[in-house]
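Heads up, the thing below is written out as structure tokens.
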């Protein structure tokens, strides 16, 4: 346009108005980041999540509570606790129980991995770590059974003691099996549920047998 080249704009003239493009209002949850929260709050939040999963296992029902926010902290704590209570149980062992600890640790995690792979091969709809989470958390009743058996063994190893341990271990074995199948049932094809439940039954049966036959040195 003629004449525009002669028009000069002063550098002192302020630029007014909103120059940012609105992208929509963000909720407080979107602005929240766990990187900014104190370590204490993070630990307490994780502990509460683990505790809620323990409650779901003790009161099993068909629910996806263990599948939505899976974690392996609870299974790790249960596995280590059970292995520590079972170590040193061999009468012919002269060491400090280290091999027993490794044996229990490997049996639990290897068994859980095999069951998970079997579930996936049969057409399961849950992820690998979700299945490990459920199987690991459902060891909680057997861990409680091991604790009760250790207390019973303090009073002696007679027939009465064995009967009490048999009842406790049997009840907790059924509890673990029912709890795990309640969480995993809906993720399996209807015509293949028996093929998934059978390895779970064997998995918890082996752990129950180790608990029942445990005798302290």
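Every residue gets a Cβ built from N, Cα and C, even glycine.
For the domain 'Yip1' (57-210), the model gives a mean pLDDT of 81. What TrEMBL records for 57-210 is domain 'Yip1'.
For 70-89 (among others), the entry in TrEMBL reads transmembrane segment.
Positions annotated as transmembrane segment by TrEMBL: 101-122 (among others).
Feature annotation from TrEMBL assigns transmembrane segment to 134-156 (among others). Sequence-distant contacts of the transmembrane segment (134-156) (same chain, at least 6 residues past either end, Cβ-Cβ under 8 Å): 53-54, 56-58, 66-67, 70, 72, 74-76, 78-79, 81-82, 85-86, 108, 112, 115-116, 164-165, 168-169, 171-173, 175-176, 179-180, 183-184, 200, 203-204, 207-208, 211-212, 214-216.
Residues of the same chain lying 6 or more positions beyond the ends of the transmembrane segment (162-184) and with a Cβ under 8 Å from any Cβ of it are 57, 60-64, 66-67, 119, 124, 126, 131, 134-135, 138-142, 144-145, 148-149, 152-153, 196-197, 200-201, 204-205, 208, 211-212. The transmembrane segment annotation in TrEMBL covers 162-184 (among others).
Per TrEMBL, transmembrane segment is recorded for 196-215 (among others).
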